[in-house]
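Please read the structure below before turning to the comments.
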Amino acid sequence: MPSPGRLACRLRYISLWPLELRVGAVRVTASSPELSATARKATWAGGGLAAILIMPKVKKQPRSRQQRPEGKAPGIRFNTGLGQHVLKNPLIVNSIIEKASLYPTDVVLEVGPGTGNMTVKMLEKVKKVIACELDVKLAGELQKRVQGTPLANKLEIKIGDVLKSDLPFFDACVANLPYQISSPFVFKLLLHRPFFRCAVLMFQREFALRLVAKPGSPLYCRLSVNTQLLARVDHLMKVGKNNFKPPPKVESSVVRIEPRNPPPPINFQEWDGLLRIVFVRKNKTLAAVFNSNAVKKLLEKNYRIHCSQNNLEIPEDFSIGSFIQGILKDTGYAEKRARVMDIDDFISVLHGFNAKGIHFS
């Protein structure tokens, strides 16, 4: 221990071990209560100054599973490869549920409930929540969360791939979706019968903006037209990546989807077949797009099947290329480009081809 004379100078930090300090008749050691275990320091007054004695940090011994206090289970490991990014911000959770306008009599479908942050909030408001979860461990955590509470009777958990199973009846769908299933799930949802009232879904930002993109927008694509044909789509809010645990690498957005009931009287397979062709080169004119050899070969095959089924004779000098260009010229869409055409334009093109016996499915 330094002498008082040496301490009568500027304040010093002295690391000592083992630690012993005498102040008058008081002896302070490492095991004495005068040394704070959290601060690990002692103050000694001498000559009107102070010396702070620093103890080395004592490492805690790891406890075995048997020694772990009850209820303190190890943290859940999320599989980001399965899109497991749990929404942790309660304000955003509440906002999503509010925008879904749920009723006490509603049955709600939730895909990817995770640990149940949104599930529990919805269970307090609706008649029933059907939670579809691929991960058995997360499904178990969700079950534990409501076990022994009145909410348990209102929760139904379905384990498995939602894309490979039939959707149950539901009034609304509210979900923080795994982003890799966004596109197939949206169309599975829109083709589901009976009709549901609305869906409020979390998507990757770019995907969400494609859903609501208008003609002429750089993001306008087949997804935009297909979705807007079958539903009204609104962008509700942006959600930053730090609102999730673990944070994803992309920004997110919440979208509200309301299916059109009744749907437009269009064969969706034919409709989608047309869009697949015209959006391959959406900046080209339709005349140029339909002049492709692959497209002409496909449509000629479909046309010959149509003629065979309806006992129609095909002229010997028949040219599918000239036939297609004639249809486009008659409908007035030969020089139109898919990137600026709206739903009514595509309906007119489809009806023009179908009227002449050319089909896309």
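Note: Cβ is positioned from N, Cα and C throughout, glycine not excepted.
In TrEMBL, annotation is done automatically, which means it is predicted and not curated.
Look at TrEMBL and you will find His85, Leu87, Gly112, Glu133, Asp161, Asn176 tagged as S-adenosyl-L-methionine binding site. What TrEMBL records for 92-261 is domain 'Ribosomal RNA adenine methylase transferase N-terminal'. Feature annotation from TrEMBL assigns region 'Disordered' to 58-77.
When pLDDT values are averaged over the domain 'Ribosomal RNA adenine methylase transferase N-terminal' (92-261), the model yields 96. Of all the binding-site residues listed (Glu133, Asp161), Glu133 sits in the most crowded Cβ setting, with the most other Cβ atoms within 10 Å. The full span of the recorded S-adenosyl-L-methionine binding residues, His85, Leu87, Gly112, Glu133, Asp161, Asn176, taken as their largest Cα to Cα distance, is 21 Å. All protein chains included, Gly112 (S-adenosyl-L-methionine binding site) registers 25 other Cβ atoms within 10 Å of its own Cβ. Set side by side, the binding-site residues His85, Leu87, Asn176 differ in how many other CB atoms lie within 10 angstroms of their CB, and the most is found at Asn176.
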